[in-house]
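Peer 1: Pulled from TrEMBL, these are the listed features:
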DOMAIN    B:12-31  domain '4Fe-4S ferredoxin-type'
DOMAIN    B:71-103  domain '4Fe-4S ferredoxin-type'
DOMAIN    B:105-134  domain '4Fe-4S ferredoxin-type'
Amino acid sequence: MHPAFSVVFFTTATGAGYGLLALLGVLAGIGAIPADFWLGLISMGLALGLIAAGLLSSTGHLGRPERAWRAFSQWRSSWLSREGVASVATFVPAGLFGMGWVLLGRTDGWVAVTGLLAAVGAVVTVSTTGMIYASLKPIAQWHSRFTLPAYLIFSAMTGSVLLNALLQGFAVGSKAMVAFSLLLTLVGWGWKLATWRYNGRLEIPTTANTATGLAGGTVRSLEWPHTEENYLLKEMGFRIARKHAAKLRQIIQLLAFALPVLLLVTAFVLPWPFAPVLSALAAVVQFVGMLVERWLFFAEAKHTVTLYYGR
Amino acid sequence: MTCLPTHTDKRLGLVIDLDTCVGCQACVTACKEWNTGGHMAPLTDIDPYGGNVDGVWFNRVHSYEHTTEMGGRTVNFPRSCLHCETPACVTVCPTGASYKRASDGIVLIDEDKCIGCKLCSWACPYGAREFDTDVGVMKKCTLCVDRIYNDNLAEEDRVPACVAACPTSARHFGDLGDPLSAVSQLVAERGGVDLMPEMGYHPTNKYLPPRAHTTHAASVTASALEPVRAEGGFLGWVDRMLSN
């Protein structure tokens, strides 16, 4: 599948944004994070900023973005529509929570309730994003039980590493928060490795035989219907990254998981001012690594239409 | 609405005979000609005379080499929308632009509602939908909905353009929901198959597999060919004289 940068950035940014929002909502709500003005402003600003930037970016790959409002209508059948509804609905409790925290300087009472509701909204929205991909049968690498948990795990992972960096930056960090983000990064690493392993062993029942209805033997593409690449091949027949998959996987392991783990372990051991710098570095490196991960998620996915072209 | 109808009155579709298709591309060009002025017009071409030709087509004919223990053969394979019974391209649509008609089962796009998110083309395993980069919306086969019900056309012309154009009658149009229709009986007789049945989309269109290889070779051998170039010399002169 062609990895459109607008979509790669969208899912990575909103994943991190919703992960951060959910953790802020829960942890501030239960009083684990102080109701500090600047901490609230910066962290809620970052969470909502990532979400808004991601959602705006997603409209970038639409053919007719001026009609995007129509996408809220078909939530009964479409995961994309559900994602649209959930993402906008989540802004309501998130906005109230942010105002309560930043303007009123409190994270208790009704503010805590809106924080928890924002967290629920965040989890629902990320789940709908994951289901858009997990529900697509023609792409075996996506239509698997690994896809939905991956979106939730990576959202929690990037969100927790961001939150740890923020808390460290405001000198209200804790060993527990470092350990939590470290643990989630390890879980994410393990999940990605398990996904690659699963995809490597995938036995796809759809073949050139079933695609053409020609039973038995081999079906070899003799001639395409057209001489140049058409929409199908440009959108669904993307092959560049598959060639470099092994290298890209190493880059992902290094940037998204190994380096953040190393930096967070060091941050766990070293005191201020090292811990905040290392935590911030971990967040930035991991975000870049996750952009590569999402890019490869698209590029490695093989659509059944490529069978018609002998690819 | 992108929810699917629980029942369609008819199941209009195509039956494509892979035994008789000669890969002439007549259906492809007839489709393009009709539909670039039809329901989903235009079928935009990008850089049509340049080095990077691209454009929207509803029907594409591939050629394959099918090799079994019985030997190999070339199979020409027209590929277009199969108007599935459970088309995920419709249910994934976030705007309601894609829909399946309850009356005849035809899958259509309302171009005025399409936002061009391309998700429907990802959801189609068959590559039936093509994005028009110029207009910014998705396009697909309409089963010539503007021909088959068109009172301005003579009755025999009220079939999809691809069916009308086929010189070998490899394409048949009819109601596959009616077991007594000509197309249904053809499917039953020839063992018509679904493409990618394991996907569970339940395509309406059926493909008739090529007939089995015959074990009866031609029994009358052709006579040996005469040399094209006339022989020279005395024998050549005799040959020419006696041939007159």
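The backbone N, Cα and C atoms fix where each Cβ goes, and this holds for glycine too.
Please go over these features one by one and say how buried each is and what sits next to it.
Peer 2: Listed by sequence, the residues of this chain that lie at least six past the ends of the domain '4Fe-4S ferredoxin-type' (B:12-31) yet keep a Cβ under 8 A from its Cβ atoms are 57-61, 63, 74-78, 80, 82-83, 104-106, 141, 143, 148, 160-176, 183, 186-187, 190, 192, 203-211.
Sorting the domain '4Fe-4S ferredoxin-type' (B:71-103) by DSSP state (H, G, I as helix; E, B as strand; all else coil) yields 4 helix, 13 strand, 16 coil.
Residue counts for the domain '4Fe-4S ferredoxin-type' (B:105-134) under DSSP, helix first, then strand, then coil, are 5 helix, 6 strand, 19 coil.
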